[in-house]
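Here's the structure we're looking at; comments come further down.
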Amino acid sequence: MAGILAWFWNERFWLPHNVTWADLKNTEEATFPQAEDLYLAFPLAFCIFMVRLIFERFVAKPCAIALNIQANGPQIAQPNAILEKVFTAITKHPDEKRLEGLSKQLDWDVRSIQRWFRQRRNQEKPSTLTRFCESMWRFSFYLYVFTYGVRFLKKTPWLWNTRHCWYNYPYQPLTTDLHYYYILELSFYWSLMFSQFTDIKRKDFGIMFLHHFVSVLLITFSYVNNMARVGTLVLCLHDSADALLEAAKMANYAKFQKMCDLLFVMFAMVFITTRLGIFPLWVLNTTLFESWEIVGPYPSWWVFNLLLLLIQGLNCFWSYLIVKIACKAVSKGKVSKDDRSDIESSSDEEDLEPPGKNPHTTTTTNGTGGSNGYLLTGPCSMDD
């Protein structure tokens with residue numbers, strides 16, 4: 001084990017040439033980031049999750065009720081032991097052959113069995129109230145952490161001149177504000193990684209999990225080798241658009257359509273400007289070129305920049321989806337849902353209905369014309 005730890009913490013990988021871990025030990029004059037500080041993120045992640053549960057129950061839910069957001073779920077499927085067994089043990093999406101077999105076994109027509117499976121899948125979807133509470137929690141946290149980041153960074157020299165991220169590197173002391181900011185962000189991303197398995201299921205689950213995982217790696221990486229200054233710029237920049245997204249979703253759930261549309265436009269502008277403009281031209285410029293000039297490359301420098309480039313790739317992917325949804329809104333006047341929406345929506349389910357059926361007679365849930373509340377005019381039918 002000692003050999004493995006010595007290999008993992010090899011100074012020639014983590015630190016610039018001629019720098020050792022002993023040089024970055026805490027002294028009475030200065031405090032530096034220590035790897036063991038990161039253990040604090042795990043109990044804090046649990047605390048954040050508990051605070052979230054309390055917030056959603058005692059703050060978000062009353063706000064939702066005050067906005068007349070109901071907890072009504074979708075229509076309940078008719079109890080049937082045979083179909084329930086197939087649904088839970090075999091498949092939630094039976095193919096044509098299985099549908100025909102079930103039709104003969106139950107003496108039901110195929111269309112009725114399709115409708116039963118659609119209703120049964122919809123039963124597992126969260127209500128609009130649940131969605132609103134989740135969005136309000138995320139909005140509140142993102143707004144707080146972004147506000148804190150701006151207040152902290154405006155007092156730092158590296159916000160105004162990014163070359164200060166590398167002057168005297170890695171002998172840059174760790175301040176209390178910077179330590180708090182980093183540990184809070186790391187704890188939140190750990191909580192997101194774990195709660196993603198219990199939160200509302202979305203079709204971009206894998207991409208979001210990758211994003212959270214890379215974010216945890218970046219925060220951990222930059223803290224251990226004391227790239228925390230540039231790390232704060234990355235964190236604050238990426239937090240800038242998130243609160244607007246959650247605010248747009250809350251307006252959507254509350255059926256404030258004009259406000260939702262306005263917030264979505266603001267979100268799209270901030271997201272694309274910060275992640276496709278400011279991030280590569282400002283942050284990647286300093287991590288790739290200014291740091292090369294002032295400090296020079298070393299192994300963990302390459303890994304850090306590769307992770308930043310991976311984040312930028314995800315930014316490009318999401319920007320493409322935002323532009324795509326905006327183009328749909330402009331050309332058609334409405335969109336079905338954001339491409340980063342839930343893993344399954346009842347608008348997708350309508351494809352199971354036979355051609356020629358009057359859509360106005362389709363079974364509806366949540367009183368929104370067969371769309372389960374996700375088909376709204378304007379760009380705010382997106383749901384992250």
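Please read every residue number as a count from 1 along the shown chain.
Cβ atoms here come from the backbone N, Cα and C positions, even for glycine.
TrEMBL does not curate its annotations; it predicts them automatically.
Copied over from TrEMBL, here are the features:
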DNA_BIND  85-128  DNA-binding region
DOMAIN    83-127  domain 'Homeobox'
DOMAIN    130-331  domain 'TLC'
REGION    338-384  region 'Disordered'
TRANSMEM  38-55  transmembrane segment
TRANSMEM  180-198  transmembrane segment
TRANSMEM  205-224  transmembrane segment
TRANSMEM  260-282  transmembrane segment
TRANSMEM  302-323  transmembrane segment
Quickly jot the same-chain residues contacting the transmembrane segment (302-323) by Cβ under 8 Å, restricted to those at least six beyond its ends, or write none. 207, 210-211, 214-215, 217-218, 221-222, 225, 227, 234, 238, 268, 271-272, 275-276, 279-280, 283-284, 287-288, 338-340
Looking only at the domain 'TLC' (130-331), mean pLDDT returns 93
